[in-house]
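Below is one structure, written out as structure tokens; the observations come after it.
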Amino acid sequence: MIKAGSEIRESFLRFFEGKGHTRVSSSSLIPKDDPTLLFTNAGMVQFKNAFLGLEDRGYSRAASCQKCVRAGGKHNDLENVGFTARHHTFFEMLGNFSFGDYFKREAIAWAWEYLTEVIQLPKERLWVTVFQDDDEAYRIWLEEMRIPADRIVRLGEKSNFWMMGETGPCGPCSEIIYDQGEGTGCGRPDCHIECGCDRYLEIWNLVFTQFDRDEAGILTPLPKPNIDTGMGLERLAAVAQGVKSNYDTDLFAPLLAAISRTTGKPYGKNEEDDVSLRVIADHARSVAFLIGDGILPSNEGRGYVLRRILRRAARHGKLLGLNQPFLHELTPVVIEAMKETYPDLLDKKSYITKVILNEEQRFMETLDAGLKILQEEVSRLKKAGTTTIPGDVVFRLYDTFGFPTDLTADIVRRDNLTIDEDGFQRAMEVQREKARESWKGSGEEAISALYQKLSTQGISTVFVGHEGVCNAQSQITALLQKEELVDSLAEGEEGELIVAETPFYGEIGGQIGDTGTIEGEDFVFEVLDTRRPLDNLISHVGRVIKGRGRKGDSVNLIVAEDKRRATEANHSATHLLQAAMKTVMGNHIKQSGSLVTAERLRFDFTHFSKIEENELEQIENLANAVIRRNLPVVTRVLPLEEAMKTGATAVFDEKYGEKVRVVRMGDFSMELCGGTHIQRTGDIGFIKIIHESAIAAGVRRIEAVTGREAVNHARRVENELKKAAKLLKVSPFDLGERVEKLIKTQKDQEKEIETLKGRLAAKDSADLLSQAREIRGIRVLTAAVNAPDAKTLRDFGDKLRDRLQSGIILIGSKAEGKAMLLCLVTKDLTDRYSAGSIIREIAPVVGGKGGGRPDMAQAGGPEPENLERALKHLEEMI
């Protein structure tokens, strides 16, 4: 009997290979070309286009073990993880699929054969459900599989009818259920298959996609019905191994053992501890796989879900007594258990570990402070007899301390409290509105309906500017002016010109559009920019500098060659830099944006931390070494599928056509790219990285220059060095040493100044003490002093308080057109007088506000001329 999780996984795939299925590897957790999904959450996701008839995969039967995440979005199990035996954020789904090949009879027969003969589950424990109107499936189960009629249950559309959407492919489904026995679940005598307890476990769902539903709800039979099945590996392992929880299987045993060693909390001894142990075990798998598939923690989208999962695990670690980062230490355990099935994890082990550690450290910085505030709020609510954490508190924890809302809800759950979700959303909307008001960007321009109209009329442009072509002849097919079609453009008029064929590159993929001229008989049009509003349309934007251009005119198109060559050099350099970065820093580097101009290049990429200077130097040196090798830059046009098999780097989420250009630079770089490039790497000349920065969570940017601009940059830097060296009267090569000495001298002098200030303050404080007056038995000292900043004023006040021993002090100073006030109350008087209350009453005298503790408070205001009046006000208060 097969029991081990790894054996079940392999036996399933091998079984269906024996039934003529192609074994298909798991797809990424990031759904390809499907913006409707946050994560891959089922085995059928990667086959969606095959089911819709939009893709021919070359096989009609498939079997897979798909990694899935259900957290965030429509399918969200996050808040239940840890509290139940079955919920997971990450799990593996076994599935077999038919694209217009076999149907119900085979799907049912093979499912039954696998469970009863391969896994050897007892037949008497298995139940099935069918859609209430699916007589065909009912007969197959009853007559061919010989399942007793009392163990075949007909259910309605809600339970047993699957739909891809409101319209489109749909069909009935049949679920195979395992009865764990009377000793499991609610224990009620009337317990049945639809009871919410744990007795009856759904193991396998067989979906028979046989209809097309229209907007009126009418079902039309599909010409080629499909099969889509799904079975959770973790759940099947629990049944096969005879345990009551997925977490008790061998799939989780190594992780739980490792967590128990780290925390000193054995699994199975204390239910509260067990919840946290299960949370950490599940989340350790999720974060490893999500990061491995290229997702980084951030405050939006998939990155935010990852952050929520990771921080929830960190918080449960704290409940188990872990006050230091620990989750990253579980990465090797996850990878060791999964490396045979997902070998790419092994290559990314170091990277995944670093990302997790970095995020743990960030959260640890704010976790304690946030927990303290939340605990104070919980105590306050309990005293008040209320049970809901206000939305503004939830928002503050989210905005200031990085607590996702579900983490806050999870924490207060133990105190039987809930959070005000609506109040939180209102606070979020206020913040969004402020952001909208302060945003000055123009946003993405909508594609003009005019371009769409031209396209439907059959007007298109073929780009002929690859392979260094900068000249071509063509014919004007359309002229536009102020978003209107015109028949001609006259001298001095601005507009857009469209031709049948052009060597001008229209801005797309980060490469800017070309400039140049378009010339006809007694007509010259200056091209100031070239755009690509549609895939098949290129627009030349500019003005007529001579004559008149008309629709139908024959023209000669001349690209500004120097600018094009410089742009090409920067584009090719971007490819080299990406390849160099992958070599130096790891294959997790993925392009998330770029800009290529004639002057410079900008490359945005996924990475979790600042690139150190030595790493930048390695990247630059490696790229320049490839330039010196003068490798040929070869471009091939291939079908997309064939191109992807070559291992060429592709931009994630980029929409590619059926055929793509593959740009190869020797053995160093290979990318899918539709832009223009130089002929050999030596044409780039030289790359110089000039800046590296963070532009968003998990996204960084490199800026660089090449060729002549790189030389100009080096020359500017050299001139600045010479200028600084001349001022300091040293050689440029000794400049660093000289600056270090100057900084040390400055620090020494600053220390000396502080020492002198302290001595003067001590002397002044001794002199001022004689001015203290006794009012109602309390020594009160008020004085205007010479303090250039708040720190000096505080230092001076501390010395006065130490010497006064008992009393109230109010001192003030004028600096940079403002008044500063400091109030101090010695500890023996803080039960009668509060420095904070005193300063709040006096601050308005100088036009300001203030506050602080009972023993010390400060204020500032824009009316220094009222300082003396403010100081006298203290005596009146006492």
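Every residue gets a Cβ built from N, Cα and C, even glycine.
Per Swiss-Prot, the features are:
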- His571, His575, Cys673, His677: Zn(2+) binding site (BINDING)
C-beta crowding around Cys673 (Zn(2+) binding site), within 10 angstroms: 24
Near-site residues: Zn(2+), ref His571, His575, Cys673, His677, CB cutoff 8 A to centroid: Glu568, Ser572, Thr574, Val633, Val663, Glu671, Gly675, Thr676
Cβ packing number for His575 (Zn(2+) binding site), 10 Å threshold: 26
Neighbour count (Cβ, 10 Å) for His677 (Zn(2+) binding site): 27
Cβ packing number for His571 (Zn(2+) binding site), 10 Å threshold: 26
